[in-house]
């Protein structure tokens, strides 16, 4: 076993960790074997050094090895998720996009927790709608099979996350756990859209996904947002056949207008709930509908639907039909049986 002191000394010297060292470090983290002051020091050292794809992949495996098993789903399974921490407090676009994608016929496993850095995290929103977020894995699997939608509440699958919650709250900044969050979905989706909070993270995240053997994925950075942007360019790294292809898209590539970032500002859970409800009912504002649609359109690329404009129009029609709220309502009802 590698000693914690030797790992910490390397980090204080801003040296990269080996796969084994990173695995051991995050095993210590998740088992609560690191005191709070040292936790904060380690997280800051990693941030200053900049995390490598090897360190991230090793951390993911350590966290998976300390996570409850989720039953395997037949066929493709999608994930739409952001790292959080972009600082803009926009409405819950990835959560809404997941519900819309499920309505469009794609099985989506949404994994996350309550807010650490934003005003309203994905599971804050879901609870405000009345979703029972603490379903057992077999119940969540059945919900996925019935309604194409399943919510996996992170602390339910690994209670070790309680050991690092205080450090993350104290630091009030993005840490490696923002990066790890999208990668440790216990349902292990094979087609994922991951938004990152920094352009510098696109390639490390993409390389990590390749190292983890993910089938198809896109990593996106939307000019300040951890999702596909409707206010400016989105930088993309797409993974296919273990190859990483980098490119850039803009709102015109999706066939939509360019909006202002302030058009997407969210608020407290109750305010976000009402905004999201209107979108799902087909009564949302154009900017809100567009923001959700472009993210689902990007997911559809992973299913060999390459025409982003056509994808966006298909999704907008589904949103405007109001059927998406029915999907959420079915999940709410199922989760409270």
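FYI, residue positions are counted from 1 along the chain as it appears here.
Glycine is no exception: its Cβ is also placed from the backbone N, Cα and C atoms.
The feature 5-phospho-alpha-D-ribose 1-diphosphate binding site is assigned by Swiss-Prot to 82, 85-86, 90, 92-95, 110-118, 122, with sequence analysis given as support. Sequence-distant neighbours of residue 111 (5-phospho-alpha-D-ribose 1-diphosphate binding site): residues of the same chain at least 6 apart with a C-beta under 8 Å from its C-beta are 79, 81, 151, 152, 154, 157, 181, 184, 185, 186, 187.
The Cβ of residue 82 (5-phospho-alpha-D-ribose 1-diphosphate binding site) has 29 neighbouring Cβ atoms from other residues within 10 Å, across all protein chains displayed. Summarising the annotation, Swiss-Prot assigns anthranilate 1 binding site to 82 and lists sequence analysis as the type of evidence.
The annotation Mg(2+) 1 binding site is assigned in Swiss-Prot to 94, 227 on the grounds of sequence analysis. Annotation for residue 227 (Mg(2+) 1 binding site): spatial neighbours 82, 93, 94, 195, 220, 291, 295, criterion Cβ-Cβ under 8 Å with sequence separation of six or more.
Here Swiss-Prot flags 168 as anthranilate 2 binding site. Residue density at residue 168 (anthranilate 2 binding site): 20 other Cβ atoms are found within 10 A of its Cβ, drawing on all protein chains shown.
What Swiss-Prot records for 226, 227 is Mg(2+) 2 binding site. Residue 227 (Mg(2+) 1 binding site) falls outside any helix or strand according to DSSP and counts as coil.
In this structure, the CA atom of residue 114 (5-phospho-alpha-D-ribose 1-diphosphate binding site) is 13 Å away from the CA atom of residue 168 (anthranilate 2 binding site). Cα-Cα distance from residue 226 (Mg(2+) 2 binding site) to residue 168 (anthranilate 2 binding site): 19 Å (rounded to the nearest whole number). Of all the binding-site residues listed here (90, 94, 114), the one with the fewest other CB atoms within 10 A of its own CB is 114.
Residue 94 (5-phospho-alpha-D-ribose 1-diphosphate binding site) falls within a helix when secondary structure is assigned with DSSP.
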